[in-house]
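J.: To start, I am sharing the structure in question, which I have written as structure tokens.
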């Protein structure tokens, strides 16, 4: 009877999951929460300052800074999708998360992650045009092109991550609802199922490869082309400035992809990696890059530094008045 089978399926979902935090390190949860909380606060402050500065200053309404705005927005969303729940688990305030809440959190994390990867690729393309074809820069990277890049990034994220919800919904959980984690991750949830999860594993691998994997490869190719261009530049003066902006971008790329790929591969293929190491890593890759990105760009980009200082001075004068 079809109605019965659907009942069984829906009944096999737990009403909620219990997030254990970092297994084996329960006694240190409060200590672990201190750096997480500090890094999250720094990420919120840094990215908000970056967003306000770029939005307010008309001179920063250029493609490079608009992409930087998108990056800051992604960082704010990525850390906010995870850290508040993580802190409530570490502080033992609330360790429960509803089944649908868990799927919503998982979708949000991956959706933003894939979008951020696309933004980093767009920034690499921006650097490539600025260095290798500077005369056509304004003709190629128009406002509408930048807007379309943003829209395409969101549509791609949605299409890649949406099926993961159904892949988790179709699994029976047989009452298993205790998850050794601080937030909901696709494979972390799938592992609680009492059925074969090989489709989930392979879907995760394919989604990771088709999004962040291809982006990282495209970024690498664009940098090979950039360095080939710089090598052929007749005047050495053009290189340091161009390389300076590339340096910031390369820092951010390394911080974004290295822990994410390591965590991604270790979760699927690293049976010998201790669980507390995996989960600590998963927590750090949602707070460390969002905290460091605005610092890297703020410290290394003169225009942003000057405008932030200007805004702070204005704020100081306003409060005195």
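Even glycines carry a Cβ here, placed using N, Cα and C.
As listed in TrEMBL for this protein:
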type	residues	note
TRANSMEM	31-52	transmembrane segment
DOMAIN	46-297	domain 'G-protein coupled receptors family 1 profile'
TRANSMEM	64-83	transmembrane segment
TRANSMEM	103-125	transmembrane segment
TRANSMEM	145-168	transmembrane segment
TRANSMEM	201-230	transmembrane segment
TRANSMEM	242-265	transmembrane segment
TRANSMEM	277-297	transmembrane segment
J.: Looking only at residues six or more beyond either end of the transmembrane segment (64-83), which have a C-beta under 8 A from one in the stretch?
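T.: Long-range Cβ neighbours of the transmembrane segment (64-83): 36-37, 40, 43-44, 47-48, 50-51, 54-55, 105, 108-109, 112-113, 115-116, 119-120, 122-123, 126-127, 130, 146, 149-150, 153, 182-183, 245, 252, 283, 286-287, 289-291, 293-294, 297, 303-304.
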J.: Would you report the average pLDDT that the model assigns to the domain 'G-protein coupled receptors family 1 profile' (46-297)?
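T.: It averages 89.
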J.: So which of 145-168, 242-265, 277-297 has the most C-beta pairs under 8 Å when paired with the transmembrane segment (201-230)?
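T.: Of the candidates 145-168, 242-265, 277-297, 242-265 scores highest.
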J.: Are there residues at least 6 beyond the ends of the transmembrane segment (145-168) whose Cβ is under 8 Å from a Cβ of it, and what are they?
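T.: Same-chain contacts beyond the ends: 63, 66-67, 70, 103, 106-107, 110-112, 114-115, 118-119, 122, 186, 189-190, 199-200, 203-204, 207, 210-211.
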